[in-house]
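Quick look at what TrEMBL lists:
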{"type": "DOMAIN", "residues": "25-263", "note": "domain 'Cdc23'"}
{"type": "REPEAT", "residues": "324-357", "note": "repeat 'TPR'"}
{"type": "REPEAT", "residues": "358-391", "note": "repeat 'TPR'"}
Amino acid sequence: MAATTTAPAVVAGSTSADFSDLRGIKKQLLDVAERSRERGLQHSGKWASELAFALDPLPFNELPPAPELTEEDARDLDAYTLAKSYFDLKEYDRAAYFLRGCKSQKAYFLYMYSRYLSGEKKKDDETVDSLGPLEKGQVKNEVLRELRVELSKKRKARELDGFGLYLYGVVLRKLDLVKEAIDVFVEATHVLPLHWGAWLELCNLITDKEMLKFLSLPDTWIKEFFLAHIYTELQLIDEALQKYQSLIDAGFSKSTYIISQIAVAYHNIRDIDKALSIFNELRKQDPYRIENMDTFSNLLYVRSMKPELSYLAHNLCEIDKYRVETCCVIGNYYSLRSQHEKAALYFQRALKLNPRYLGAWTLMGHEYMEMKNTSAAIQAYRHAIEVNKRDYRAWYGLGQTYEILKMPFYCLYYYRRAHQLRPNDSRMLVALGECYEKLNQLVEAKKCYWRAYAVGDVEKMALVKLAKLHEQLNESEQAAQCYIKYIQDIYSCGEIVEHLEVSTAFRYLAQYYFKCKLWDEASACAQKCCAFNDTREEGKALLRQILQLRNQGETSSTEIATPFLLPSSLSANNTPTRRVSPLNLSNITP
């Protein structure tokens, strides 16, 4: 099925990508997959191959021809063939040695890439030897500066193709020359738009939507995949899901890559049921897939699904026990069983396999937190941020560690960074509110708690904290308003009322109505207090007082209006409740 996407493009001056010629797109994908594999770029080749597989097969007479050899390719063919065999066996120095002096684009790229990977391998080996929770591991790839000088000269002479520019960009990024790296990656996407690796590297360097707007990107169908991916990374999930849906409608409905990305997007917005459903469907379509299974295991962990997590861990062990994702899944399994030392061991094993694997650093930080080893947790979270500054979990984790260490100014900084990355996550806002409260900045704390409630309080704690703050400031009416709204929310979502703060809310409201001489409402709340162990005696005592006052002829007040209507299920059967004005917290709304 062919269609054209209608989602608006972000980059100024660009138009919607054309997906009407899916056969042409498949030819392009098969071509770039082959060219990527020839240069040892396995991940880009795999991505293009998976996407091509999702499209209908091509007739024999339309299959793309083998790339034509230039005179330089023919001259370097023997050295290239030999070196590529060494490269595939990860003998990078040996491959580079036999490629010295080669002039063809393909052989030159493999020569430079072999040198780069050799340096990375040596760095990783040294990092593994020094890898410990408290060690920084300041190991550098010594070859990067030499590669930068050589590739810079080639670029100025306009002798680099799209693959060469991609490698130059990677070298610049590794040297922390971010601005130059972005310029080079953008140039690489113009010279060779179909190479996914360049787009992916660009994704890792873009920090916000504003930055994305100023990039001059080529107007090609692959940009739609890039935009969907970057939206997911920037937590712009609605936009990402819209893009992925448009790609499915355009003809990529069978793509396991798109299905996995949609599952990750739902994971990021904590729509756990939807994400689990999509991951289960993905496992049926691609049962030997290991990519993204660590994210799947996070969902199973959150839902405490021990049998399913155990099955996933065993299954991945059978497929490949030495993959970082497998180690993370096993780590999550042990963490769910509260075997935190074993869990940390598997996360360390994942990092020995790949020291730049973000998820393992963050998860290891969580385990050290569970083991009360805050210094080790801080180091793990800092490593995660070094790998990816957009990892809100690591910023949030750092905030929690400094909170345990009773350093509120530090934890305020880290919670703010987490909140910037997840502005609509109520957990970040509640944590910020608690920090402000400890620093006695109560107006800011009120704003945070109210904002947390407004964006959808996942833990149903923001209103209680706001109520307690009002209570502390002797703002009894506002406190009562918050408690009633909290009770309404708890009952309306159909939860079994075992929430710790429900009894607190009923106790406060019973006392509040009692002071206001609203006996019916006070009686209704006092009766509810009797259902909880910690407030039962107070509830009974209050009911006795109300009965005594009524017997003495005390009448209910008509001057003070109740701030809210109690849910009918909470009121006494014969208790008339008063309709009143809605909650007004405009004075503290940020």
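Yeah, the Cβs are placed from backbone N, Cα and C, and that goes for glycine too.
Keep in mind that TrEMBL annotations are predicted by a computer and have not been checked by a curator.
Confidence in the repeat 'TPR' (358-391), given as mean pLDDT, stands at 89. When the repeat 'TPR' (324-357) is classified with DSSP, helix, strand and coil residues number 27 helix, 0 strand, 7 coil. Break the repeat 'TPR' (358-391) down by DSSP state and the numbers are 27 helix, 0 strand, 7 coil.
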